[in-house]
Amino acid sequence: MSELEHNDPLVIAGQTFRSRLLVGTGKYKDMAETGAAIEASGAEIVTMAVRRTNLGQNPDEPNLLDVISPERYTLLPNTAGCYTADDAVRTCRLARELLDGHDLVKLEVLGDQKTLYPNIVETVKAAETLVKDGFKVMVYTNDDPIVAKRLEEIGCVAVMPLGSLIGSGLGIQNPHNIRLILEEAQVPILVDAGIGTPSEAAMAMEMGCAGVLVNSAIAGAQNPVLMAQAMQKAVQAGREAHLAVRMPRKAYASASSPLEGVINN
Amino acid sequence: MQIQVNGEALEVQESTTLADLTEQLQLTGKRIAIELNLEIIPRSEHAATRLSSGDRVEIVHAIGGG
């Protein structure tokens, strides 16, 4: 680990993390691939979903928590698939019991199946209930700066606007809105959803995002393990570039080599 | 008596506890969470929680997700 990384932790709800890349565990071929890709990503915060247990079928089927151990990773249960505040709150409470009282959750309340766009009305309602119930809420939202601020005021510990639709790999469609959100934010802002390539993850980090959450871009690559490694580097490079502050843009050329001593007549 | 588990009807003996139910379903020791009639029942209370006819039980576990 480099000196810089060591001195520049991601802080969420008072907990510090070295990696600013958060990864999901969906869409992988099998548990072995999931484990290998997560490991290669260097991520410390890893999302998971909560679903009904299949009764009477394969009782010995490997459990996600056997591969992604809660002792090693900070698990971030999501409320994916929930379309109402009530279902999302219920899912978070089940997750807290499942993970022995762990109260960091990723809230997402969706609007429809075609876009998986967040339903903001239900998201706000669920966030209010969960915060009152003692949960530390990282919230998936659209890229509306007013909504992002409202979710922060409710007490969410991190706000996670979409770059583009979940699973689309279309990158950050409206970087100007992400900048507006960043300008006002007092909590970590992470781009969640839409990242398709490492360059897009780096772009989010260069803009000043505290982190990015990536799932499909890794799981959907032909070589997920190699892509996980690439994402790790991109997030780190983007963060370092943000801290270094980029050169100003100029309208005209500015020679890199000195003009003095040029051989000419 | 009949109860509902994850939306499916299931026949269990009178005075079955949640711990008995998890054993019957071969889920003892698995990382699961249980909700009984929309209320979370902590793991520590499974052995002491008796089911009644018509109870709705949800048993969940962690799976991959983004």
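Using the three backbone atoms N, Cα and C, a Cβ is placed for every residue, glycine included.
These come from TrEMBL:
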type	residues	note
DOMAIN	A:12-258	domain 'Thiazole synthase ThiG'
ACT_SITE	A:Lys106	active site, schiff-base intermediate with DXP
BINDING	A:Gly167, A:Ala193, A:Gly194, A:Asn215, A:Ser216	1-deoxy-D-xylulose 5-phosphate binding site
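Projection of TrEMBL feature records onto the structure.
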residue  : record                                         : contacts (Cβ under 8 Å, 6+ apart)
A:Lys106 : active site, schiff-base intermediate with DXP : A:Thr47, A:Leu76, A:Pro77, A:Asn78, A:Thr79, A:Met138, A:Val139, A:Tyr140, A:Met160, A:Asp192, A:Leu213
A:Gly167 : 1-deoxy-D-xylulose 5-phosphate binding site    : A:Leu116, A:Ala193, A:Asn215, A:Ser216, A:Gly220
A:Gly194 : 1-deoxy-D-xylulose 5-phosphate binding site    : A:Leu162, A:Gly163, A:Ser164, A:Leu165, A:Ile166, A:Ser168, A:Gly169, A:Leu170, A:Gly171, A:Ile172, A:Gln173, A:Glu200
For the binding-site residues A:Asn215, A:Ser216, the one whose C-beta sees the most other C-beta atoms within 10 angstroms: A:Asn215
Filtered recorded positions - A:Lys106, A:Gly194, A:Asn215, A:Ser216 - keeping only those with Cβ under 8 Å from chain B: A:Asn215, A:Ser216
Cβ neighbours of A:Ala193 (1-deoxy-D-xylulose 5-phosphate binding site) where a neighbour is any other Cβ within 10 Å: 28
Helix, strand or coil at A:Gly194 (1-deoxy-D-xylulose 5-phosphate binding site) [DSSP, three-state]: coil
For 1-deoxy-D-xylulose 5-phosphate, whose listed binding residues are A:Gly167, A:Ala193, A:Gly194, A:Asn215, A:Ser216, the greatest C-alpha pairwise distance in Å: 9
Secondary structure at A:Ser216 (1-deoxy-D-xylulose 5-phosphate binding site), reduced by DSSP to three states: helix
Overall pLDDT of the domain 'Thiazole synthase ThiG' (A:12-258), taken as the mean: 95
